[in-house]
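Chemist: If you look up Swiss-Prot, you'll see 67, 68, 89, 194 marked as substrate binding site. The site 'Transition state stabilizer' feature in Swiss-Prot is assigned to 32, 254.
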């Protein structure tokens, strides 16, 4: 049984959340689910409960998920070798079959099942369903120091988003379902393409003109050169941090995706620590949050 102090603490939390619930009711929140949160049972369950609660208080959560480690595990079991170019998995036809099995099958349905078990109504789709994600082949240009020129590297069925068919998402949301999207696109020729989940989440947020884009990561947020988390940034400041080398390496594509989304009309982007239970709720419903908030200069 709760003590009075414990009950008061619960009331305090709910009171702090109230203005945020009022502010974001009816708004679309795109959440990219990835990293440790996808492989830890406690984090999986807390994420699912967060999404269900968002829906229950009137928000429209859209989930986009990754699955790189799970793809790697199955490729290893099948003795299919993997290689990477600039952080992207080279995806031949055999690898693409595995990507579709893992992203469109195992991982997508696990997330849908988790949300549904926690009281939500989720439906899983890939970008091939209803031509949700129209993709084009991604080309990689790499400079060759030997000849002082660029060479085009073929990395197979790796794509980028050409267009998003928002009507598919609208049908699900208007029917009170929570869409769970696997980042597999379809090309003009019907071929499947493996697309970075952060990029898909960003493009979905842009097309829907979402209130928020939230990217779960394995770090506490964007850090400065001394290791301190930068809790609030404008798009202009992010550009400066990219230019001076503060943002680099694996964080650069994620930040660029968030930056592009905000510049294209998404109200705010959040780089949040997916290792923290209930990170999504903490970022939306508390004053302190658990990551880095990026907003446009004119709306900061």
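Here the Cβ of each residue, glycine as well, is placed from N, Cα and C on the backbone.
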Chemist: Within a 10 Å radius around the Cβ, which one of these binding-site residues has the most neighbouring Cβ atoms: 67, 68?
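Modeler: Max Cβ neighbours within 10 Å, all protein chains included: 67.
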Chemist: Near residue 32 (site 'Transition state stabilizer'), how many other Cβ atoms are within 10 Å of its Cβ?
Modeler: 31
Chemist: What is the total of other Cβ atoms whose distance to the Cβ of residue 89 (substrate binding site) is within 10 Å?
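Modeler: A 10 Å sphere around the Cβ of residue 89 (substrate binding site) contains 21 other Cβ atoms.
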Chemist: Which ones in the same chain are close to residue 194 (substrate binding site), with CB under 8 Å and 6+ residues apart in sequence?
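Modeler: Set apart from residue 194 (substrate binding site) by at least 6 residues yet with Cβ under 8 Å, we have 89, 91, 96, 99, 103, 157, 158, 159, 183, 184.
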Chemist: What other residues of this chain sit with their CB within 8 A of the center of the CB atoms of 67, 68, 89, 194, the recorded substrate site?
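Modeler: Once 67, 68, 89, 194 are set aside, the remaining close residues are 66, 71, 72, 91, 99, 102, 103.
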Chemist: Looking only at Cβ atoms, how many others are within 10 Å of the one on residue 254 (site 'Transition state stabilizer')?
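Modeler: Its Cβ shell of radius 10 Å holds 23 other Cβ atoms.
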Chemist: To the nearest whole angstrom, state the Cα distance for the pair residue 32 (site 'Transition state stabilizer') and residue 67 (substrate binding site).
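Modeler: A Cα-Cα distance of 11 Å.
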Chemist: Between residue 67 (substrate binding site) and residue 254 (site 'Transition state stabilizer'), how far is it from one CA atom to the other, in Å?
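Modeler: Approximately 15 Å lies between the Cα of residue 67 (substrate binding site) and that of residue 254 (site 'Transition state stabilizer').
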